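For reference, the structure discussed in these notes is given below.
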Amino acid sequence: MRAIGGVFLVLVLFSHACHGFYLPGSYMHTYSTHERIIAKVNSLTSIETELPFSYYSLPYCKPPGGIKKSAENLGELLMGDQIDNSPYRFQMNVNESVYLCTTHPLSENEVKLLKQRTRDLYQVNMILDNLPVMRFANQNGVKIQWTGFPVGYTPPNGNDDYIINHLKFTILVHEYEGSGVEIIGTGEEGMGVISESNNKKPPGYEIVGFEVVPCSVKYDPNAMTKLKIYDKAPSVSCPSELEKSQIIREQERISFTYDVEFVKSDIRWPSRWDAYLKMEGARVHWFSILNSLMVIFFLAGIVFVIFLRTVRRDLTRYEELDKEAQAQMNEELSGWKLVVGDVFREPDCPKLLCVMVGDGVQITGMAVVTIVFAALGFMSPASRGMLLTGMIILYLFLGIAAGYVAVRLWRMIKGTTEGWRSVSWSAAGFFPGIVFVILTALNFVLWGSKSTGAIPISLYFELLSLWFCISVPLTLMGGFLGTRAEAIQYPVRTNQIPREIPARKYPSWLLVLGAGTLPFGTLFIELFFILSSLWLGRFYYVFGFLLVVLLLLVIVCAEVSVVLTYMHLCVEDWRWWWKAFFASGSVALYVFLYSINYLVFDLQSLSGPVSAFLYIGYSMIMATAIMLSTGTIGFLMSFYFVHYLFSSVKID
């Protein structure tokens, strides 16, 4: 996709003019002719199982110096990435055909594993100069690009499987003149800004593309074993006949080779990720988002205008009366004015409400800051795991906000600071505890499958240490600050005896659940692209759109919750606290149901109960976070509205 927009339509439209504006990864590397370049391999992945496995879990050639793992950040480890060195090495601007190795006769277990990985559509993910390898395929006359290449393939209506053992690489390079022009920025693609430098760099070549054509070629193992690793191999073309392809069966010896060709390209280094970030149907995506924005703004505007006129009329009529008329009117009160003595009565489960609101503030703050930084280009797909790492770090440090809000709300409801430590500890452990329980259950499944997606025990202890050493102390500090902050005073007194709530024709929870449809309407289009990114291996980089949707979601959640709170008060239902929270928080239910719909109709290739269990588990974590965030937005706005409404009217 192109560069990132900013806030609402002006900055979103600005994104069309900013091509290649992102700051991820590492500095540009310039290679000289004949300089050696080493490719790396990531975990094997499949959209059918969603279980990543190590590249060397299959009988592939190993590098001469042994397998060495690359340094990985927290996000990469949690996503199941396992980046290792590989035997594939190239020399800049040297086209060659290279022999790697010939395996020992395949055992029964190796054949079974290769066949299973082939039929589960596992992809080999290779990386060169931080660029994923890309292949192209024609489907129904349409050219489609993919990252990675398959382990093997099974012909239609065939029972045999064939392994990919010959790779034809094309490396696109851009000649760098060394004229003193440099890229300004802190990341993989700089900022797309070019300026003159006093220190001229030597001329060389930049890698701007990495493509592959995978083939299956049957070699004579007796002839190939006479060769040594990196010897020149006979040049071959991809065979179309199955008889000339390498079958997977017991006692077969498989030889691995590759060709590499360097091609000069006009693509500049700051724009080399554009090929990966282009989205099919971008025009449809653009107009769908704009249409959704206009419809939601229109609906929210109507609701908000009607609501303002209604409340303003009530307040204006009341304030224009003299004292005697007000006294008479007090005896004939109706609607929301009748619950003046109960509207601030302590809700059910006040501690749980305080904890959920505190955690919601923490999650909302994390989401807003992360998406803003991503929209500005600081978290590109080139920086693997950076997005998740940034989210975790932000969540840890925003514990101070969770503790502050939870304790201050607790102090307001109870009228005392007693018990604030318990509230702070609960706020520190509520959402992380839910995530920990779900991830532990999923991890047992991943461990049983021997997947690289399983979180190592050492990482578990690291995460617990981060939580206990950073998040918990900051949450307690925030709670302490909440006890020292100015207490929020209710504008009216609460009666000792609660008022009876009139019977309703229909249960109020139906209205609360139905309210979530409007916020969901702002979210579901982007939700489709996010789920496709997570489960179909596509790059998601339209954070400008996501930022607009997030801002719109905040507005709609606030308005929906306020309107529902007002409707409940008008029918003399003073139990608005939890209803205000779930009026907007109920959008999480629709998000979860949409995730199930996506699993059934869009992830039809997903196979096995293990994969479905993983999908549902991660969807539950996402839905819980959305519920806490949107519920908190609605609750805080409703509280501000109720406080303002009843402080504007003097009723004895």
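Every residue, even glycine, has its Cβ placed from backbone N, Cα and C.
Taken from TrEMBL as is:
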type     : residues : note
SIGNAL   : 1-20     : signal peptide
TRANSMEM : 286-308  : transmembrane segment
TRANSMEM : 352-379  : transmembrane segment
TRANSMEM : 385-407  : transmembrane segment
TRANSMEM : 428-447  : transmembrane segment
TRANSMEM : 459-481  : transmembrane segment
TRANSMEM : 509-535  : transmembrane segment
TRANSMEM : 541-564  : transmembrane segment
TRANSMEM : 576-601  : transmembrane segment
TRANSMEM : 613-646  : transmembrane segment
CB contact flag for the transmembrane segment (352-379) and the transmembrane segment (509-535), at least three pairs under 8 A: no
Considering the transmembrane segment (428-447), which listed stretch of 385-407, 459-481, 541-564, 576-601, 613-646 counts the most C-beta pairs under 8 Å: 613-646
Distant-in-sequence neighbours of the transmembrane segment (385-407), which means Cβ under 8 A and at least six residues beyond its ends: 24, 72-79, 81, 354-355, 357-359, 361-363, 365-366, 369-370, 373-374, 379, 417, 420, 423-424, 426-428, 466-467, 470-472, 474-483, 485
Recorded stretch, among 459-481, 541-564, 613-646, maximising Cβ pairs under 8 Å relative to the transmembrane segment (576-601): 613-646
